[in-house]
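Asker: Got a structure here, written out as structure tokens. Questions coming.
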């Protein structure tokens, strides 16, 4: 959907001959083969770039193009000095500095850098970029094989060359160069990988695995025990997120407060800063790429940028007459993006100057806003059932269409996968790297009327985790006295109607000499009062199997975050005004650890 069609034959300028085995036996070095035609190709592609001065009586021949054609002809005939003199005297270089750098990278075998440079030398046609990338990565593949780095070569083939969807026949031929001499080794490796993938609870760095015994981790490798309950917020906790380095946790609440927590070396979580200033509840948080700053967004209000070391607010971003609903950092950390209540998206520099504004149906009131790894595509919910990937430089748009209203979404760490939470209590996993496609669905959690945010997590992000709204009690309105049989006061301060607004109804029931309990979330559903608790649901990402449900919260679980550097630390935020830090069940680990052939982390470190 929205992808580039790659069914046509490759261009002659970058065509790869399938009849050659590459520098493995023909005596031609990889570097020479990698650079033999790319300079001509790039020069011709860029030949049309320049000013508009023309020569000749017809007035249709551009001077820059004419001079470059002559210079290229002189060089190709061996008249290097004449070609250089023409460039110097005309002031028109044959190639741009970017192309010269690109050629230098090719000659030096800097394959990854040269692939990145393809996007910076002015190539517009995405198909040409893919074809050129294929040629370059093929040289990288052969160089890794020549160096005996078979696993790196396999990784390049699987994760870099194959996703280009260029010349499938050639890709199969390249794979034969690995399989033929190393077939037994690869068969063993595949068998071990399949063992690991089949293990539903694999969440630890693998030590030694054997083909003679089945590899199987226990559920005690998943963080499932409450190690801490953080109770610094005075209202529902709506959002939380670990920093990229795993050293901090930020949380936001209906109390308009943002709290920065620090993860200590012993795995404990302690309060670092209270960030106050928002006048409305804070619905969204975004960490800077370097984890030294934090963006916070109030509900239809302003965005604030905070310094993590000092806890000071460095800037407030706002638009007159409008509220900001979402925020995200550019990957370079030099600008930010925001969604606005008028459904537009803005880009700001750090000083608060609005650099761009894209109007139209670009976003909704949903707070989620993402950006791809290269920083060139914004991801936003543009309609109730539609997610848009918007190329803010090219203005190119592609869409993900769902059948149900979208509640929220989360990006994987590598920004290649999108996890979408839907109204019908399903999570959909989309591959957004290139063309978009749905690859998995997860079911089992409950969601009725609140925003519940899922996330990726665990070792190699092998798990999907989500909060949930689980019903605690269901009583007939006509017989409210029946609820007094509970052994606590029941105090119902909030009743939600179908428009999600508060009513002033208040019911109080009392049993003598009992303690008062506040149940924070109550909803009118089909003539009944429903009170919500919450659980954390964990699925195995590859199989889609629901493997664990973590109970403990007495209110709906709104948001979850898995520590990206410690697979054994998970945090959950709830309407019960608490944050729970989940870790390994140390008792079970001590009993069962000797039976596991994996190596596990301790909470808070390796």
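Using the three backbone atoms N, Cα and C, a Cβ is placed for every residue, glycine included.
Straight from TrEMBL, here's the annotation block:
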{"type": "DOMAIN", "residues": "98-152", "note": "domain 'CTLH'"}
{"type": "REGION", "residues": "1-35", "note": "region 'Disordered'"}
{"type": "REPEAT", "residues": "230-263", "note": "repeat 'WD'"}
{"type": "REPEAT", "residues": "275-316", "note": "repeat 'WD'"}
{"type": "REPEAT", "residues": "328-351", "note": "repeat 'WD'"}
{"type": "REPEAT", "residues": "550-585", "note": "repeat 'WD'"}
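What's the neighbourhood like for each of these?
Answerer: Secondary structure by DSSP for the repeat 'WD' (230-263): 0 helix, 19 strand, 15 coil.
Averaged over the repeat 'WD' (275-316), the predicted model reaches a pLDDT of 95.
Same-chain residues lying 6 or more positions outside the repeat 'WD' (328-351) and placing a CB less than 8 Å from one of its CB atoms are 286-290, 293, 295, 297, 300, 303, 305, 314-315, 317, 319, 322, 357-365, 367, 369-371, 373-375, 378, 380, 382, 390, 392.
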Asker: Same-chain Cβ contacts of the repeat 'WD' (550-585) under 8 Å, 6 or more residues past its ends?
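Answerer: Answer is 203-204, 220-231, 233-242, 244-246, 249, 251, 253, 263, 267, 269, 413, 450-459, 463, 465-470, 472, 519-521, 532-538, 600-606.
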Asker: Who are the long-range neighbours of the repeat 'WD' (275-316) in its own chain, taking Cβ under 8 Å and residues 6 or more past its ends?
Answerer: 235, 238-241, 243-245, 247-248, 250-260, 323-329, 331-333, 336, 338, 341, 350-352, 365, 367-369
Asker: Using DSSP, break the repeat 'WD' (275-316) down into helix, strand and coil residues and give each count.
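Answerer: Reading the DSSP string over the repeat 'WD' (275-316) gives 0 helix, 23 strand, 19 coil.
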